[in-house]
Amino acid sequence: MRFHLHHLRHRHFKTLIRHFSTKYSGRVIQETSNGKTFSVTIETPNIQRDIRGYPIPRHDLICKITKILQSSSPAISPSSKLITDPFLQVSDYLQTLNLTLTPSEASEILKSLKTPQKALEFFKFCSDEIPGFKHDCFTYNRILTILSKSNSMEIVKAVVDEMEKCGIKGNISTVNILIGIFDGVLELEKCVGLVKKWGLLFNCYTYKCLLQAYLRCNEVSKAFHIYIEMRRKGYVLDIFAYNMLLDALAKDDKAEQASKVFADMKRKHCEPDGYTYTIMIRMNGKIGKAEECLSLFQDMVTKGCSPNLIAYNTMIQALARNHMVDKMVFLFSKMVEKGCQPNEFTYSVILDGLAAEGQLVRLDEVVEMSKKYMHKGIYSYLVKTLSKSGHASEAHRLFCNMWNSNDGGDRDAYMSMLESLCHSGKTAEALDLLNKIHEKGIMIDTVMYNMVFSALGKLKQISQIHDLYEHMKINGPSPDIFTYNILLAGYGRAGGVDDAVKLFEEMENGDCRPDIITYNSLINCLGKNGDLDEAHMKFKEMQEKGLNPDVVTYSTLIECFGKKNRVEMALTLFHEMLAESCYPNIVTYNILLDCLEKCGKRSEALELYAKLKQQGLTPDTITYAVLDRLQSKSHKTVRIRRQSPISGWVFCPIG
């Protein structure tokens with residue numbers, strides 16, 4: 001091949017100076033008289049090959065091209081002011097030296113590129129721009145492996161389609177790569193189809209890849225079928241694949257198949273590890289085989305697998321499920337002795353187990369044996385759990401233990417204990433806790449006070465409400481709108497009208513303005529304690545201040561007027577309610593129906609019931625109790641037909 005020197009010089013000004021990656025030999029053929037031009041013959045290098053006949057990759061060439069491609073994206077060259085493209089540089093470089101690439105060299109370059117996008121661009125460049133280059137199975141395997149990290153299934157499928165279109169058969173490694181990439185049964189079936197299409201044979205790794213792929217798709221039955229086929233051909237899984245299969249079978253309630261795989265595993269000299277035993281213990285505990293769980297746990301310890309927290313928790317849970325409380329507590333003691341620190345799940349399982357067997361008294365024993373691991377977080381969790389599950393006495397006992405054992409405090413635990421005491425009506429203990437909580441560094445807030453006020457109000461303990469409210473005003477924190485509303489509701493329940501009015505006036509003169517709930521509470525207090533006119537005045541005042549009465553406001557007043565036999569006023573309020581687009585609920589209708597029935601206004605009651613139906617409300621037991629009373633007082637037959645799946649509720653008087 002001949003080149004003229006002036007051509008080489010002209011190219012030198014357009015491109016960067018290159019350091020050739022391969023050595024070449026040449027000889028002078030002719031020299032002109034002026035000495036400016038001459039011709040040389042460049043001999044094509046002899047590419048060395050390995051013993052199998054494959055070309056040995058030229059590492060200098062690979063490094064040079066990789067360096068070019070790993071440079072920045074197309075940019076303006078400072079020297080030439082021309083746009084330089086790495087791929088154009090590679091093409092120019094290969095053309096200058098009259099070189100091509102072998103598939104193995106292309107594969108090595110692909111391996112060195114940092115991003116899947118750059119690798120895919122180079123892969124396409126090789127087949128489109130390098131004369132005589134043709135991808136083989138190995139370069140396809142390389143690009144598929146790189147693309148597997150990009151999570152772009154469409155690109156992978158396009159590459160496979162191109163591979164088949166070019167008539168290139170993959171090898172079993174190609175199939176293994178695709179199985180690892182694809183998700184979904186249909187895609188996996190296509191991979192199996194490629195094995196047949198390309199005339200390949202499954203190897204052990206292919207079976208393992210396919211089994212794990214089916215497990216990723218939650219196709220446990222198909223995975224087990226693959227396992228049986230592997231077993232028939234004498235292939236063995238590794239510990240990771242065995243555990244993955246066992247875990248899937250156990251979660252899918254295939255206990256018999258899991259036991260079979262576990263037995264095969266031991267026969268094939270694949271020693272189970274701690275995770276394997278944990279899977280089997282969990283499965284057997286779930287199906288009630290407690291003795292089998294104990295045997296597996298003992299076998300695990302004997303084989304030198306030290307149980308971790310998960311293994312202990314799993315075994316404790318199995319014993320708790322099977323009502324073996326003594327063994328559960330004993331195992332917990334061994335767990336602590338071995339220095340394995342329990343977590344919240346451990347205590348929750350033990351709590352459930354003790355509660356189910358009526359032995360919560362043994363919780364003190366459990367806490368005592370794990371005292372070195374007890375901290376305020378665990379105490380808090382236990383107190384909250386016991387409180388929420390209705391075991392107030394046990395929660396309080398444990399809370400006292402926490403109080404005496406820790407310098408600091410956990411606000412959540414104290415809030416849970418306070419809530420539990422209030423809910424169970426132990427207001428004396430709640431007040432005592434509220435007064436002492438600051439000793440543990442917990443700041444008392446309005447929420448805590450409101451919780452106790454609510455409990456005192458429900459029990460109508462007015463004097464305690466007075467004392468606590470005065471203490472709150474002196475020592476803080478300041479009452480909020482919820483505090484006032486809770487206090488008003490408590491005064492109303494206990495008949496403390498004067499206290500309610502005084503508190504309302506305090507609100508009006510202070511920074512916390514009354515809202516709808518405040519007015520509702522005061523109206524309820526006034527109306528149900530006989531001061532109907534004052535209640536109605538507050539209703540009018542509420543409207544004047546721009547607060548729109550809600551369904552609770554109207555229902556409260558209707559009930560109060562109804563109980564005083566002032567039916568006309570109750571009906572007037574009901575019609576006003578409708579006119580204001582405040583739609584009554586079933587409670588409102590029940591209140592007014594009851595009022596009309598007691599006053600003997602049967603026709604008005606039936607008319608009201610018809611409106612109830614028109615509004616699409618469903619009568620409840622109170623509605624039917626009123627209707628039953630109407631029927632018993634009537635001289636006419638009243639037929640009440642219960643709910644029909646088609647027509648709904650029907651009330652029909654018959655003349």
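The backbone N, Cα and C atoms fix where each Cβ goes, glycine too.
According to TrEMBL, the feature domain 'PROP1-like PPR' maps to 209-372. Taken from TrEMBL, the feature repeat 'PPR' applies to 136-170, 203-237, 238-272, 273-307, 308-342, 410-444, 445-479, 480-514, 515-549, 550-584, 585-619.
A Cβ distance under 8 Å defines the sequence-distant neighbours of the repeat 'PPR' (445-479), meaning residues of its chain 6+ beyond its ends; these are 415, 418-419, 421-423, 425, 427, 430-431, 434, 437, 486-487, 489-491, 493-494, 496, 499, 512. Each residue in the repeat 'PPR' (550-584) gets a DSSP state, and the totals come to 26 helix, 0 strand, 9 coil. With a threshold of 8 Å between CB atoms, the same-chain residues lying at least 6 positions outside the repeat 'PPR' (136-170) that come near it are 103-104, 106-107, 110-111, 113, 116-117, 119-120, 123, 126, 177-178, 180-183, 194, 198-200. Residue counts for the repeat 'PPR' (273-307) under DSSP (helix as H, G, I; strand as E, B; rest coil) come to 26 helix, 0 strand, 9 coil. Taking Cβ pairs closer than 8 Å, the repeat 'PPR' (480-514) reaches residues 446, 449-450, 453-454, 456-458, 460, 462, 465-466, 469, 472, 521-522, 524-526, 528-529, 531 in its own chain, all 6 or more past its ends.
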